[in-house]
Ligand SMILES: [Mg+2]
C-alpha cells in the first residue's frame, strides 16, 4: 500500500559545524498518515515551539541510549539541552531500560560524557535493576533467596538492599554433562526468579528457572522485554532481555511482572520517588514501543527523537495500525536542535 503523506518527510541538510548536531528540515504541519483524518497526529518541534511546550512541563524523563548517548559516545547537542532545561528549573530524570549496569555506573558515564553531574547523578537515574530490587524488597522475600539470570547491574542494586541471590554467571561444566535433564540440582528456599539480559544464558539456566517457577509462591520478575538493543554496527542483531524472558515464559507457562518501560512498575517507582504530575511531565525517547508507549499509557506528554531507533516511518505505521499508544505528541531530529541559538526563551 502506498502511503499518502500530508507533510513531506524531513530531509537532511548541512550539519552544524560548531556542535556537529545533525540538522533536518522539518515540515511545519503535523505528521499524519493521511489515511484517516481522525487518527492521532504528531507535531514536529523547533526551538520556538519547544519553548512554548516547556511552559506546561515541570519534569522531563529521558531515555538514555539513542537520546543522551549512543554506545560509548555522547549524543551531540544533548548536554546543551539538559543545561538549558536545568537553567529553567526543570526536573530531570533519566529512565533507561538497560539493567546490565547499576545507576552508579550510569551516573559516572553521564559525567564522563559531559552531562551536568549535579542534576544527573545516581539519584536522578532509574533503571530496571533498581526497580527490580525495590519490587523484591517491597514484596518481602521473608529471608528467601533469588535465582538470578542477569548481569552486574542487578547484583549491585540487590546488594545495596541486602537481597540474597545466586545462579548468575556461567553454569559449571559438570552440571551440563550426562543426564542432567533428569537430575537437575535445585536449591532450597527460593522466593523469586529474576530474569534480565545475561550473556551466559543457556538451556540449563532456562530449565532451572522453569523448575523454580513451578512453585506458585515463587515470584517471576523480569527487567524488560526489549527484543534487541542498539549497537555500533547496524548490520548486527543484538538480542536483549526480551528473548530470554520469552524462553522462560514459554518453558514455565507463567507471565512475569516486567518492571521496565513501557510497564507500570517503573512509573510507580518514579511517582513514589518524585511525586510527578504526569500531565506536566514529558517522556523523551527514541523508541515508540517502549518510550512513547510508556509515556502515553501513564498520561504524560511524549517526544520521539529520531537520533536512535525509530523514525518518521514508524510513527506513520503506528498511525495506520491505529496504535495511538505508540504515536508521540511531538517529534524532533535530536535533542540538540531544540535549544535556541541565542538561548532565548520564547515565552
Ligand atoms: Mg533508547
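Don't overthink the numbers, they just go from 1 along the chain as shown.
Using the three backbone atoms N, Cα and C, a Cβ is placed for every residue, glycine included.
Nobody curates TrEMBL annotations by hand; they come from automatic prediction.
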Listed co-binder of Mg(2+) (same site as 63, 65, source TrEMBL) among 255, 286, 297: 286
Env. residues of Mg(2+) site, Cβ within 8 Å of mean position of 63, 65, 286 Cβ: 64, 66, 67, 68, 96, 230, 285, 287, 291, 305, 308, 309
Recorded positions whose CB lies under 6 angstroms from ligand 1, from 63, 65, 261, 286: 63, 65, 286
Whole-number Å value for how far residue 261 (substrate binding site) lies from residue 65 (Mg(2+) binding site) (Cα to Cα): 13
Euclidean distance between Cα atoms of residue 63 (active site, nucleophile) and residue 286 (Mg(2+) binding site), Å: 7
